[in-house]
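These notes are about the structure you will find just below.
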């Protein structure tokens, strides 16, 4: 393999920087961080790879230990020491703090991501991030709601925080179908204050699987088919306790139809009488919120990555081998150098 090109050489060959940014996401303890640690600093073509790690230092040592406190709060709610209202207020406050580092970095990065150049481009920089802001603003809050630790009203407040997505977002949802292996990985981390909560694990896996379908639906329906979405909404059943149990516990299969239906999306969870008129139609404000969620998701290029039976090394090889199929965006060289500086500063202060 030829020696990796330096940034100065690459910059002299291109009028603008070409950026691939990829978010690795999925349930907790699935192996994302291990993958990220093993990803090389340059691709096989010599393209520099920048890695943004999970902000664990911020979560655990800046003010409150969020990991310990959120698990303790949920345990106390289940023991009857907290009411749903009390646990919801605490969990939502903690979940907002989980989201803060993602949102701050996302805002800085968004201003540097310009128009899409397509796929199979010649990138000058690959940026790989451990989780997208959607994890802390949508996926974990929905899972906490499904497990009974967060109320519907607080969940609504969280999903509003999902930021607008600039062009060129590649979101890879890591999947591990072997629950026994997943539990083993989570338990073996042995992190202080972290507990192996099988109900939460199943809820998260279901939410992330459903997220892929939701993004596919958004890509099809937005922004031109709002009437079609509203018609489908009326046909959804009320999401009650039995449907919540089914959602969490029944195995989900990858949707293979020509078009995802609203029934297969996360929005079906919000078909509640508290949010709707008697005929099932959403109140205006909540309709704006859910349609806004779809509009934010529609710029995301999503893919499932099934790592069942694969070693970390094989996962990394497979992930990097498909890099040329992901979206590329234009960025200025000044922006590219700023991204590098931001990543170094963020990892130094936030990561462990």
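Yeah, the Cβs are placed from backbone N, Cα and C, and that goes for glycine too.
From a predicted model like this one, the values you see are computed outputs, not experimental measurements.
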Residue among 185, 191, 202 sharing the ATP site, where Swiss-Prot lists 26, 27, 28, 29, 30, 31, 32, 33 as binders: 185
Cβ neighbours within the same chain of residue 32 (ATP binding site) - under 8 Å, at least six residues apart: 24, 25, 26, 130, 131, 174
Cα within 10 Å of residue 95 (substrate binding site) - qualifying recorded positions among 28, 30, 54, 185: none
Pairwise Cα distance for residue 54 (active site, proton acceptor)/residue 28 (ATP binding site) [Å, integer]: 12
Reduced DSSP assignment, residue 26 (ATP binding site): strand
Other CB atoms within 10 A, centred on residue 185 (ATP binding site): 17
Collapsed DSSP category at residue 95 (substrate binding site): helix
